[in-house]
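Copied over from Swiss-Prot:
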REPEAT    31-64  repeat 'ANK 1'
REPEAT    101-131  repeat 'ANK 2'
REPEAT    135-166  repeat 'ANK 3'
REPEAT    199-231  repeat 'ANK 4'
REPEAT    235-266  repeat 'ANK 5'
REPEAT    277-311  repeat 'ANK 6'
REPEAT    334-368  repeat 'ANK 7'
REPEAT    458-487  repeat 'ANK 8'
REPEAT    491-521  repeat 'ANK 9'
REGION    586-667  region 'PRANC/F-box-like'
Amino acid sequence: MFDYLENEEVALDELKQMLRDRDPNDTRNQFKNNALHAYLFNEHCNNVEVVKLLLDSGTNPLHKNWRQLTPLGEYTNSRHGKVNKDIAMVLLEATGYSNINDFNIFTYMKSKNVDIDLIKVLVEHGFDFSVKCEKHHSVIENYVMTDDPVPEIIDLFIENGCSVIYEDEDDEYGYAYEEYHSQNDDYQPRNCGTVLHLYIISHLYSESDSRSCVNPEVVKCLINHGINPSSIDKNYCTALQYYIKSSHIDIDIVKLLMKGIDNTAYSYIDDLTCCTRGIMADYLNSDYRYNKDVDLDLVKLFLENGKPHGIMCSIVPLWRNDKETISLILKTMNSDVLQHILIEYITFSDIDISLVEYMLEYGAVVNKEAIHGYFKNINIDSYTMKYLLKKEGGDAVNHLDDGEIPIGHLCKSNYGRYNFYTDTYRQGFRDMSYACPILSTINFCLPYLKDINMIDKRGETLLHKAVRYNKQSLVSLLLESGSDVNIRSNNGYTCIAIAINESRNIELLNMLLCHKPTLDCVIDSLREISNIVDNAYAIKQCIRYAMIIDDCISSKIPESISKHYNDYIDICNQELNEMKKIIVGGNTMFSLIFTDHGAKIIHRYANNPELRAYYESKQNKIYTWKYMILFPNAIVKHNKIHKNIESVDDNTYISNLPYTIKYKIFEQQ
């Protein structure tokens, strides 16, 4: 009988005959099945009368077989294409619904005939809808992944214990999933995202004749039950970001899924692919889009609800591979949006001038904001700067950018040392070729600058910034271009003080001192030095320079410094006084070494015994650097002039002039 029930088309009369001498509750078979188990396992079990007969014959509807399944559990666990509602009801009624939780809701949902009335019966008699399947999906999660979920059944599930608002079990604060991104940075989203994610993903490539496409009514139903469409999954994707990959995109569904998303053009870099991702970025990228052609109405919708930076990030990576589509998109934008996108592009991206040209063609302009943006771009290059300044006219460099000097952005350290120095410079040699990208860019911009000493909101000049960021080549360029070393910032800081306190760069300090700051500037700088012990060498350089200007400055030097360096000041005084006593050709040794006029004429006295004796004595300890450089150069120049005089042909006009006149003629060359 059991074999018959399990494998044959069961006839009532034949079964009645068998039941006369067989016990339907005989469970001595290997599977411990009773007669109900055997019949309900039969793939042809569609006759409710057979079930009623077995029950009337005393078959126990609560007996559990080797799989610990009652007949109802066996029936709803079997791989039947359909679950017969009448059979299920008979089995439930036979136990007074005590076996209701033996009903396998997950298998039932996969059948082709889910009956809302049967679901209502389960609800009415207390079925536990909080149960989860082997894959840890809830009832509602499984149901939305079926072929054609019905909103009314979704309502029943949710209203009777199926939650669609998740809480992380490990989160002691119980933040709902939808609150993750804005309120709890430590919260990790569930792998599958929301129920809305599951529904969209499972119906992306559905064909209407076998499996339904995404149904707007289902989407509305889920949203109405509190699912936030802006929620993201572990891949940081919203449901909309998946939906735009669908084989059939309904713009009304797109609008539903946009709710709560304040920027449909938001973008991010995918960790695995290093590609720019996001709703708009994915849709424009043919690698993520199902359909070949772009729907411009859909793109316009994204543009209307997207922010310029995200739009820029979405279209720029695709420019080189799909110029036609991107140019078409640019053409559809209004000029205000396009202008914002141009500024974002110039500020944050590696510039392709051909893309800029397209933007300009469709209504954008290179204005002051665009130029200011490019000065902040870490991918700056002189060629693009030339192009942009010529388009704008160059006046933008003369206007502060939120209180900052535009060119000053290039002085900052985030542009990298390589932008200012070549390998030669790193090895100790100055690079003054301006071939370095940032330096050459600044060099190109300077002619547009009406006042190289323009100040920012802190009262600082470009020179202040170049010194602060230790850009020696740039400092040299600015000094050669007329930057004033004497300007004080709003807090009283000079470039000299910055070189000592912040840059701690003696070479920079000497460059500044060589451009002859005023005595007041040097004294003010000394007052600003924060550590008079650790900065001893720098302080001595300043004192040495200041005493050349005025050897009576000891009273002006801050008392803390003058006390600490009193012996050094005395030695400076002694050496300077000695140089002032030595007379060479009507000039003091001091004036020949430390004045501009002296530097121009010192070569005339290259053979002067007193000058040579002073040079060869090397008696100075402090003021040696100047004459140790000047005097050898003076000898070389003198010898060159003398050689030129000797080479003049006899019996010429010049040859007949006195030697002193000939000397003055040739020293001009």
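In case you wondered, yes, glycine gets a Cβ from its N, Cα and C as well.
Averaged over the repeat 'ANK 4' (199-231), the predicted model reaches a pLDDT of 87. Highest Cβ pair count under 8 Å relative to the repeat 'ANK 6' (277-311), across stretches 199-231, 334-368, 491-521: 334-368. When DSSP labels each residue, the repeat 'ANK 1' (31-64) comes out as 16 helix, 0 strand, 18 coil, counted as helix, strand and coil in that order.
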